[in-house]
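Trainee: The structure that follows is given in the form of structure tokens.
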Amino acid sequence: MHESYVARSILDKSLAALPKDKHKISQINLGVGVMEGLEPDSLRLYFNELAKGSAAEGANLVIELLPAQLHCSECHHVSSYDGKQPLQVTCPKCQGLNRLVGGRELFLKSLEAQ
């Protein structure tokens, strides 16, 4: 159900951002952190249902998954985490503890309208 709430928020923000001289949103570009826990296909499904009858009906929802970063508390090594492999709690360089930074972003990058 998380996707339903997020889809509603995306729709509302997109419609509010639609320039007054445009009537139809054709594409919405999102940045979504890998730790946000969103399922892209479910998000698109909810969005398409909610957008029916609005200026965003039929809009293409493009989702860019944004990696999180792992910061070592000992040697300050920074690595990227894409969510596909198991999370490394220790640094590959010094075995110090990693701290997860970011990956929870969710924002409207841009939209295309006609």
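The backbone N, Cα and C atoms fix where each Cβ goes, and this holds for glycine too.
In case it helps, TrEMBL gives these features for our protein:
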type    : residues                   : note
BINDING : His2                       : Ni(2+) binding site
BINDING : Cys72, Cys75, Cys91, Cys94 : Zn(2+) binding site
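Give me the local environment of each listed feature.
Mentor: A 10 Å cutoff on Cβ-Cβ distances gives His2 (Ni(2+) binding site) a total of 13 other Cβ atoms nearby, all chains included. The secondary structure of His2 (Ni(2+) binding site), as reduced to three states from DSSP, is helical.
Taking a C-beta cut-off of under 8 angstroms and a sequence separation of 6 or more, Cys75 (Zn(2+) binding site) has the following same-chain neighbours: Cys91, Lys93, Cys94, Gly96.
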Trainee: Note the Cβ centroid of Cys72, Cys75, Cys91, Cys94, the recorded Zn(2+) site, then list each other residue of that chain whose Cβ lies within 8 Å of it, in sequence.
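Mentor: Result: Ser73, Glu74, His76, His77, Pro92, Lys93, Gln95, Gly96, Asn98.
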Trainee: For Cys72 (Zn(2+) binding site) and His2 (Ni(2+) binding site), what Cα-Cα distance in Å is obtained after rounding to a whole number?
Mentor: 31
